[in-house]
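The annotation domain 'EamA' is assigned in TrEMBL to 7-130. Per TrEMBL, the feature transmembrane segment maps to 7-27, 33-52, 61-82, 88-108, 117-135, 141-161, 173-196, 216-237.
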């Protein structure tokens, strides 16, 4: 990986590391699924009127949007809402790196050698140690843990769709992929919120929305999604999945530090 791409990867690490605290703050005054729906609505509008639609098969676009956008954040936001600590969520979510490597090996035939396998094993051990240390005797509901793990698997599936899209003959601009795929989860998020939270709760959260929630939404939409996933998608298009996915293992360092300080 070039030095420039390495710097971009570190930028994503910082952006996504802060993401968990921002989600926690945003959930103080808004139901999780509605917060997610508004996030992607801000990503899509009004940008889709100025960015051309990516010329890729619809099934790939739908697969990307439903996994990396809808499923990942539906599971993650609900997990945090059910009491999953933000710092611990940032750790567990990084299981996506291992899921991505396994899926990449099966899907693209990517081979791992001894050094890569040793590095992955060491990374897994490190993450497990951090998870145990972050618990520090506190009880975490199994539901929140499993939801976060489901979010990690959804993210990994999205990475595979991303790689397939960027390997397609049309090779669309990453920004157009991020923006147009954001259309896909909006209605599912709002419908799910309506069913689970009720219209009264949704209306109340909009009427009483404060600047903290607005700033949280802006960060989640413009920084974490457009900037973060724009860079991430570009890197996945340039390199093998096993080179890119493990970089996210640095995210918990920022996530735990920000959760402790903010």
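For all residues, glycine too, the Cβ spot is worked out from N, Cα and C.
Automatic, uncurated: that is what TrEMBL annotation is.
Between the transmembrane segment (141-161) and the listed ranges 7-27, 33-52, 61-82, 88-108, 216-237, the one holding the most Cβ pairs under 8 Å is 61-82.
Under the criterion of 3 or more C-beta pairs below 8 Å, with sequence separation of 6 or more, the transmembrane segment (173-196) and the transmembrane segment (88-108) do not qualify as touching, having fewer than 3 such pairs.
Across the domain 'EamA' (7-130), the DSSP tally of helix, strand and coil residues reads 98 helix, 0 strand, 26 coil.
Proximity of distant same-chain residues to the transmembrane segment (33-52), defined by a Cβ-Cβ separation under 8 Å and at least 6 residues beyond the stretch ends, is recorded for 23, 26-27, 69, 73-74, 77-78, 173, 175-176, 178-180, 182-183, 185-186, 189-190, 192-193, 196-197, 202, 205, 213, 216-218, 220-222, 225-226. Mean model confidence of the domain 'EamA' (7-130) amounts to 86 (pLDDT, 0 to 100 scale).
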